[in-house]
Amino acid sequence: MTMESGADNQQSGDAAVTEAENQQMTVQAQPQIATLAQVSMPAAHATSSAPTVTLVQLPNGQTVQVHGVIQAAQPSVIQSPQVQTVQISTIAESEDSQESVDSVTDSQKRREILSRRPSYRKILNDLSSDAPGVPRIEEEKSEEETSAPAITTVTVPTPIYQTSSGQYIAITQGGAIQLANNGTDGVQGLQTLTMTNAAATQPGTTILQYAQTTDGQQILVPSNQVVVQAASGDVQTYQIRTAPTSTIAPGVVMASSPALPTQPAEEAARKREVRLMKNREAARECRRKKKEYVKCLENRVAVLENQNKTLIEELKALKDLYCHKSD
């Protein structure tokens, strides 16, 4: 037992000495490793494909070549795809922008056209107003109109119109209409109708004018018609038409016979057309029913004829039978 314990003590002492020496060697190796790290350098003949060779100088002066464990990175076999930058043009946005530009230009053109045109509401208000003055339509004057020379004033003779009843109608430049009978004195039988808005217009246009009678009543009539109020209070409309210059002297225009207002005439014509259409439909229906009735009668006659034939044959047979029995 004593020998075993002594051996154990010796082993433990040796282990302690060994540990102390290892610690001392480790402490001494640290500056040596630092020295080696300072002295070490890569081999000059090392290439990228061969492993790196490092020269290590020991403390005793010996030099040792150490191959590096860390190898240089080899080029990868997998190649990364080439990235190409593609510029995509947005067609939809360009079309939208083009449409927006077109809409802006269209709206500008429409605004310019509306600014050039006269105000239709203003014209309607002027026509519906009771003011005897001539309405004015303000329009933008073009450069050609502003640069046009001065217009000379020409005096036009007063036109005289004669109706089929013998009345004379004179229209002055101010828009007044004077009426005179053929058999009466010119001063006593003179009637004046004041027409507003009697300005000259372009041919082919229809202008409604106000005709003022002697009692102060205003009537809206077309520019080519004349309204005449008789002594009894009846108002008649005369439509003026220009006759050929070969038959009548210039300045004299014949007027047609008094015409009914257009609206009642159109209403009467429409009613007449409706009545005629209904009559045609009724006559067509009557003819159809008549044909059906005649056909039915013909069928009945044919049936009765067949029955009559059968009865005649039966009568003959009975007569023959009676004759045979009597014999």
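Backbone N, Cα and C define each Cβ position, glycine as well.
Here is what Swiss-Prot records for this protein:
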CROSSLNK  Lys122  SUMO2 cross-link
CROSSLNK  Lys271  SUMO1 cross-link
CROSSLNK  Lys290  SUMO1 cross-link
DOMAIN    87-146  domain 'KID'
DOMAIN    269-327  domain 'bZIP'
REGION    297-318  region 'Leucine-zipper'
SITE      Arg300  site 'Required for binding TORCs'
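Features as recorded by Swiss-Prot, highlighted on the structure.
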residue: Lys271; record: SUMO1 cross-link; DSSP class: helix
residue: Lys290; record: SUMO1 cross-link; DSSP class: helix
residue: Arg300; record: site 'Required for binding TORCs'; DSSP class: helix
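All protein chains shown were included, and the count of other CB atoms within 10 Å of the CB of Lys290 (SUMO1 cross-link) stands at 10.
Its Cβ taken as reference, Lys271 (SUMO1 cross-link) is surrounded by 10 other Cβ atoms within 10 Å in the chains shown.
In this structure the C-alpha atoms belonging to Arg300 (site 'Required for binding TORCs') and Lys290 (SUMO1 cross-link) are separated by 16 Å.
Lys271 (SUMO1 cross-link) and Lys290 (SUMO1 cross-link) are 28 Å apart (CA-CA, integer value). Within the model, the domain 'bZIP' (269-327) carries an average pLDDT of 93.
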